[in-house]
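To start, the structure under review is shown below, and the notes come after it.
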Amino acid sequence: MYSNKWIGSLYVTPFVIGFLLFTAFPFVASFLLSLTDARLQDQLGAANFVGLSNYSEMAADSTFRQSLGVTFAYVFITVPLKLAFALFIAVVLNFKLKGIGLFRTAFYLPSILGGSVAIAVVWRFVFAGDGLLNQALSGIGIGSVNWLGEPTTAMFSIVLLRLWQFGSAMVVFLAGLKAIPEDLYEAADLDGASRLKQFFLITLPLLTPVLFFNFIMQIVQAFQEFNGPYIITAGGPLKSSYLLPLMIYEEAFKYFNLGYSSALSWVLFIIIALFTAVAFWSQKHWVFYAQDRDDKGGH
Amino acid sequence: MNAYRLHRRFILLGASAAALSACLKPRPAPTSGRELRMSWWGGSSAHKATLEALRLFEEKHGIRVRGEYTGFAGHLERLTTQIAGGTAPDVMQINWYWQTLFSRDGTGFYDLSKLRDKLDLSQFDARTLSMGTNKGVLNAIAVSNAARLFYLNQTTYQKAGLSLPTTWDELFARGPQFKTRLGQGYYPLDGLFLEFIALARTYVVQGTGKPLINAETKSLNCTRADMYDFAGLYARMTRDHVWPSAQVRASYGNVAQQEMRPWINGQFAGTFQWNSSIDKYSDTLAAKQTLALAPYLLRPGAKDAGMMYRPAMMFAVNAKTPYPDESALLIEFLLNDPDGIRAMGLRRGVPVSKAARSLLNKEGLITPIQQQSEAQLAAAQINVVESPWFEHPRVRDGFQDILEAMGYGRLSEREAGDRLYDDINAILHRVVR
């Protein structure tokens, strides 16, 4: 007879093996590679240890600096907009209306399609100079816009692709809204609080744990955006949509600089980790957990 | 009861196996347990033709071949990973410049000259063999040669009432003529930055009579003034409506030229393209649009045609293959054997093998536009052989970034010329090994 302990271990073995092989090993290997001048086409044995020179090289790499700036701009624009939009739609879909289930499904659909290659190709077609959007604009008498051909608007097109996939954040917000007790709103109604006041003084504070969760998820995803810029603009024009993940890919698979590319991916990892850490640190100032309320009530 | 169940299970298993084997096409028994692996890139028609050729090879020689095929995008990444990991196929289709990546010292691929008893090298001329030779080692054999030529949309030119240009000046004049006669959206020539860089290289090399890059000195093989010409050509052609501006091209996003609507409907009425892949471009044209080979443009007093002329693709054998003889036999079949030649047809361009050319000519399988291209190549004065480093992604992107910056008004023509000279030299110094 197996003891419960061994049976448990047996159950988790597939995950542990998968994690070690496909996450832990590449994670450690990429760090070791980042300390070498490994090139993709050479045997790994031919790589030389170069210490931190790949990291110091970034300081002088103007493409890296530009890519980093573009990545930050993308994240700082996308994440707040996406959260605000997802919250707005969630609030609207929280109304008790006939057939609301259908609307909820419809609004979630883009997230099922996601940021896949096929959707990115469609996006390129929509925003192209002779694409659907410009045809529609011309149809109503507004002139065409060079969406993909100008640095500012190209970035906007990529941002919009991410915003379009607001469904998963919206569903989480919706679940959070459902969990807010109705009696709070009834009490506020009795006190004569307007809907806007209720939103800012009841809904938003009680949604902060959900907002925090969505914020972390969106930050992590936005920093890793690849499909959109790769397929729609190839990072252009003038590298205006050349996000860091695209640079990492090109350094490894276009220029074969495996060592430098690994170093870039570690920098991206550190940036994401820093943002996540700051978010966790800051939550005590703005995230309101039910547990805190109960504790404070108890005292 | 148990015996009955067991019995029934065996019957079911036997019946399933019989049904399965009946579904499978009978394959010839291999002469041994040998199984070769061969990788290539291409479109669906190339895949189909190659698989048929491999099937015929199996029938003839009793050696199984497993095909590993993809589109061009991502193929190099896949092959690179395989070579680095020691799992590369026995026979590989490679690009000419990939030799600089994998076999600079000649040891990256098998020495095909050691396999001449299985592979008839007399079917290939000295120039072809030299293009696959590194440090005296024959690493790869060309399947077909390719050159960038001018292919123009005859239908659009006729619509404008214009003849195909025969000189650079005539080409420059076509820009304003197209704009006036057909409208803002029509251009006499188009392409990605990649194509423009090849075009400008041709223009400069016609003036210098030397390859643009000197791999020995790891530098540009021209003067700063030549780079002013390079930049000036882009400025002039985009300003005069000969070539779509950077903004116009970028407005279509990251899309292949032949898949762009203006190409399909004939508004972008020309390309400076490899003759080996021109079918891909003519295939996507709308009905009643015709692509024609235009005269090759030469500068007055040109010292060379400046043609980008090199193998379109090559076959190489894995340096560590356990089956070198069988691999050579496979290449021999694909390039020189009548059955292999017929099966492959023109899917990889017009073959360079004398046996293949002779057979395809005899059977009338070479299309008129390909015959014209071949005749133009034969008539051209091609003495300059460009360094493969010209096609290195870092070098190519270096050219592109500067031209794009100029196209968007971030650099003047003069500044772009200076940057081309300084930056490309710096890149070459860094990447050429």
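The chain as shown is numbered from 1 upward.
Including glycine, each Cβ sits where the backbone N, Cα and C put it.
Per TrEMBL, transmembrane segment is recorded for A:12-33, A:72-95, A:107-127, A:154-177, A:198-220, A:263-281. Marked as domain 'ABC transmembrane type-1' by TrEMBL: A:68-279.
Sequence-distant contacts of the transmembrane segment (A:263-281) (same chain, six or more residues past either end, CB-CB distance under 8 Å): 30-31, 34, 54-55, 57-58, 64, 212, 215-216, 219-220, 223-224, 244-245, 247-248, 251.
Remote same-chain residues near the transmembrane segment (A:12-33) are listed as 47, 258-259, 262, 265-266 (criterion: CB distance under 8 Å, separation of at least six residues from the stretch ends). The stretch in closest packing with the transmembrane segment (A:107-127), judged by the count of Cβ pairs under 8 Å and taken from A:72-95, A:154-177, A:198-220, is A:154-177.
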